[in-house]
Amino acid sequence: MTRIVIAGPRGNMGQEAVKLCLREESFELVAVVDSKNDGKQLKGLQEFQQGDVPVYTDMARCFAEHEPDVLIDLTAPAFGRKHMEVAFEHGVRPVVGTTGFSDEDIRDLTKLAEAKELGAIIAPNFAIGAILMMKFAQTAARYMNDVEIIEQHHDRKLDAPSGTAVKTAQLIAEVRAPKKQGHEQEREEMAGARGADFDGMKIHSVRLPGRVAHQEVLFGGVGQTLSIRHDSLNRESFMPGVKLAVEQVVKLSTLVYGLENLID
């Protein structure tokens, strides 16, 4: 039985993670960490009808009193690194779904994980289909090096481009030499019209109500194009990946960035 604490239970992703932990026989949800509602029970919150699970606002106190195995952090980019550091201090393995980590953050957190001999997972996207999309895009980039990424999310998302888009670009860059795309004399008549630049690739971010999480990787070649697309239609689509991450993190002794590293 894996003892779990969820940070950010009232968010859309957090609510799905709570349902996952309550229905999985091998998971035990021992507490949740929220920005408010300290001392209440989960089932007493507006978003939930069940769950005899205590609510904390102090993560360190929560860990000290319940000694969980795993933290599932689904809060906001501003809190991800701090929550991971608190988890390491208490011997807890973090599974983090927030984005916005810099390369320096990843390096520092990897050192902390290895010093504590604890597993940790940061997942820009938990959807298995999205992970496959990234892996397929990396394979395609070996043969077609003209590529642009279009990602679409709901209009409440704080960061742009998305962590999934950045991770996709990073994977492509591993097999593709930097290349400036478009005409050599190309100019933007409006700033930002061509999107963000990553090694010459362009990343375009769309934010609209009614969207959840969508990404298309577009490749162009002589006389042909290739499109690789993934759509998450609801947040339940992320839960198989969350389950996989929780099951795998207890077997690790370092930080893994991206679920693609856990899928053969």
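Backbone N, Cα and C atoms are what each Cβ position is placed from, and that goes for glycine too.
For Gly8, Pro9, Arg10, Gly11, Asn12, Met13, Gly97, Thr98, Thr99, Ala123, Pro124, Asn125, Phe126, the entry in Swiss-Prot reads NAD(+) binding site, with the evidence type sequence analysis. Look at Swiss-Prot and you will find Lys36 tagged as NADP(+) binding site, backed by sequence analysis. Residues annotated as active site, proton donor/acceptor in Swiss-Prot, with sequence analysis given as evidence: His153. Per Swiss-Prot, the feature (S)-2,3,4,5-tetrahydrodipicolinate binding site maps to His154, Gly163, Thr164. If you look up Swiss-Prot, you'll see Lys157 marked as active site, proton donor, on the strength of sequence analysis.
Positions of the features from Swiss-Prot, shown on the structure.
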| residue | record | DSSP class |
| --- | --- | --- |
| Arg10 | NAD(+) binding site | coil |
| Lys36 | NADP(+) binding site | coil |
| Thr99 | NAD(+) binding site | coil |
| Pro124 | NAD(+) binding site | coil |
| His153 | active site, proton donor/acceptor | strand |
| Gly163 | (S)-2,3,4,5-tetrahydrodipicolinate binding site | helix |
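Of all the recorded positions in the record (Lys36, Lys157, Gly163), the one with the smallest CA separation from Phe126 (NAD(+) binding site) is Gly163. Each of the recorded positions Arg10, Lys36, His153, His154, Lys157 was scored by how many other Cβ atoms lie within 10 Å of its Cβ, and the smallest score goes to Lys36.
Between the binding-site residues Asn12, Thr99, Thr164, Thr164 has the most other Cβ atoms inside 10 Å of its own Cβ, all protein chains included. Each residue contributes its Cα atom, and for Gly8 (NAD(+) binding site) and the residue listed as 'NADP(+) binding site' these two points are 10 Å apart.
Comparing His154 ((S)-2,3,4,5-tetrahydrodipicolinate binding site) with Gly97 (NAD(+) binding site), their Cα atoms are 16 Å apart once rounded. Under a cutoff of 8 A between CB atoms, and with a sequence separation of 6+ in the same chain, the neighbours of Gly163 ((S)-2,3,4,5-tetrahydrodipicolinate binding site) are Thr99, Gly100, Phe101, Pro124, Asn125.
All protein chains considered, the CB of Phe126 (NAD(+) binding site) has 27 other CB atoms within 10 Å. Residues His154, Gly163, Thr164 make up the record's (S)-2,3,4,5-tetrahydrodipicolinate site, and a Cβ search at 8 Å around their centroid adds Thr99, Pro124, Asn125, Glu151, His153, Lys157, Asp159, Ser162, Ala165, Ala213, Gln215 from the same chain. Spatially, by CA atoms, the recorded positions Lys36, His153, Lys157, Thr164 include one closest to Gly97 (NAD(+) binding site), and that is Thr164. Counting only the Cα atoms, the space from Lys157 (active site, proton donor) to Asn12 (NAD(+) binding site) is about 12 angstrom. The shortest Cα-Cα distance between Asn12 (NAD(+) binding site) and any of the recorded positions Lys36, His153, Thr164 is the one to His153.
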